[in-house]
Every structure is written in structure tokens, then in C-alpha cells.
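What TrEMBL says about this one:
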- B:1-206: domain 'Heme-copper oxidase subunit III family profile' (DOMAIN)
- B:30-51: transmembrane segment (TRANSMEM)
- B:71-91: transmembrane segment (TRANSMEM)
- B:103-121: transmembrane segment (TRANSMEM)
- B:141-165: transmembrane segment (TRANSMEM)
- B:185-207: transmembrane segment (TRANSMEM)
Amino acid sequence: MAHDEQTTERSQTEYEFLRRKRAEEMRGQLTSFAMMIFLTLIAFTAVAADFSPYLIVPIILLLAAVQVVLQLYHFMHLKEKGTGMIAFFMYSGMFVAFITILALVTIVWW
Amino acid sequence: MDLNKQYTPRTWPDHPETATMEGKNKFVGFWLLLAAETVTFASLFATYLALKDKGPSGMELSASQLFELPLVFAMTMILLTSSLTSVYAMYHMKNHNFKAMQAWLGITVLLGATFLGLEIYEFNHYVHLGFGYTHSAFSAAFYTLVGTHGAHVLFGLCWFIALMLRNAKRGLNTYNAPKFFLVSLYWHFIDVVWVFIFTVVYLMGVIG
């Protein structure tokens, strides 16, 4: 590529501000990690506790969905600005994924 | 673009992964791949759900007899933690701390390799019980789904190691920052797929 990118030197204040902002973001990431661990623990305990499958299956599927949202929006930065196109790709993929599973499962079960 | 351009934490862009046109294009293209991968895994999940516990009449070894939760729980925790360590790596990448980034990537690789080791142990155990790939429709669907995920983990590990070695002397710049960022996205995606595998295959398998 022919064009050179511009590099600008930040002022000390700006640099410190960015570092602090990133450290805060990292604390947020730790919180979502703690939540993921917590959701996983609930899912495994619910199954080990031997409740009725009709109760457990919807609950653990919901917990999985919440955990995936945490991964996508926090760990994979979908909550940041300018990710509209990416979210569109991902939701289209999920939509086709849902139709695929629904179609195959209904063909076999009915 | 100079592939070996040097930066300092002061000159490092706020979003190094999308600071160049190449980085921006990689970013969008990679998410398109992840969306397509979602569909790939969906078809494998659908096959598994359709063929769960199906096979020749009088078949032994159903999901509820086979799967054991402690091992799966350990694997889940290891992979989830490796997802966090790669977040730490990207935190240091954004602060232009190359050594710390490499160290956290190294921890991520170790955790990923442990996960893969446990998965190989698990498959080996099943095969010794007589639950081979050709045992039944159920076993074929199970190994294809979980094995495809395992192959992704292996590919991710190779990708991490290749990037770490290739850029060990180069340091961090806007040429390789998108590469490190994408491999960490890929790693999170692998974790996303595993969340559904442990829920749909193992937890729902144990319930029966």
C-alpha cells in the first residue's frame, strides 16, 4: 500500500486518560467473566440437582444464550460503536442457524 | 505501509486493529467468516439433535450412560478462562505492551492445549468403551460435532503460536495488531460454540 499512515504523539494528559479508560474497560470485562462463570455454575448445578427435564432444558438454554450475549458484546466488543455491519452479519448467521436446526429437528421428530 | 514501523505507547492509535484500511477490511471479512461458521456449526448441532441416541436396535451406550459431568465441567472452566486471558492479551495490545501481550497469549495457548488434551482423553475413553465413530448414527453425529470444535481449537492454537513466533522480534505495530486481534476474536467464537456444546450435548445428554 502506497500511503503512509499518520502518527501523532499524544499529550501526557490524553495518554493517561486513555490508559485509565482501558483499565476501567478491563474491570468491566472481569465482571462479565465472573457472570459467565456464575451462569455456568448454575447450569451444571441445575443438571446435577436432578430436577424435571422440562424445567431444566429451557433454563440451561436460556443461560447459554445469556452467556453468548456476554461473549459477543463484551469479549468480542460488539457493544462498541461502528459495529452495525458486523452485528448484521452475525444476526443473519444466527437466523439461518436457527432455521437449519428447526428444519432438521422438525423433519425428524414429526 | 511499513511492516516494521515502530510505535511507542504515546503514538499507538486508540484502535490499532482498525487503524489501517487493511485492518478494517480484515475485521469485516473475519466477522463474515464467523457468521458463516455459525451456520456450519448449526448444521452439525441440528444433525446431532436429530440423531441423538439413534442407532441399530438394541444399541447400548446412550448419551446419559456415556457422559460424565466433572470432566466436562473442568473443560468448560479451562476454555472460559482462556477466553479471559486472551482479553487480557488484547488489553495489553491496546496499551502497546508487547511483552505482556505475548505472555498472556502464551497462557491462553497453554489453557487451550490443556482443553484439547482433556478432549483427546475423553474421546479415547469412549473408544475404549466401544463407542467408536462407526458405533451408531449417534456416535458419528457426536464425534463430528465435538470433533469439528476440537479441530477449531487446534487450528486456533497453531494460529496463536505462528503469530507469536513470527512477530517475536518485530514487536507490535499497525501491521500485525489486526492479526492478533482477529485470532482473539476467533478464540472467543470457539468459546461461544463450546457454550452450546456443553449445554446441548453434555448437560442435555446427562438429563436423558
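Cβ coordinates come from backbone N, Cα and C, glycine included.
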Mean per-residue pLDDT computed across the domain 'Heme-copper oxidase subunit III family profile' (B:1-206): 95
Same-chain residues at least 6 beyond the ends of the transmembrane segment (B:103-121) whose Cβ lies under 8 Å from its Cβ atoms: 71, 74-75, 78-79, 81-82, 85-86, 88-89, 92, 146, 150, 153-154, 156-157, 160-161, 163-164, 180, 187
Tertiary contacts of the transmembrane segment (B:71-91) (same chain, 6+ residues out, Cβ under 8 Å): 100-101, 104-105, 107-108, 111-112, 114-115, 118-119, 121-122, 153, 180-181, 184, 187-188, 190-191, 194, 198, 202
Chain residues outside the transmembrane segment (B:141-165) and at least six past its termini with a C-beta under 8 angstroms from it: 40-41, 44-45, 47-48, 50-52, 63, 79, 102, 105-106, 108-109, 112-113, 115-116, 119-120, 123, 133, 176, 179-180, 183, 186-187, 190, 193-194, 197, 201
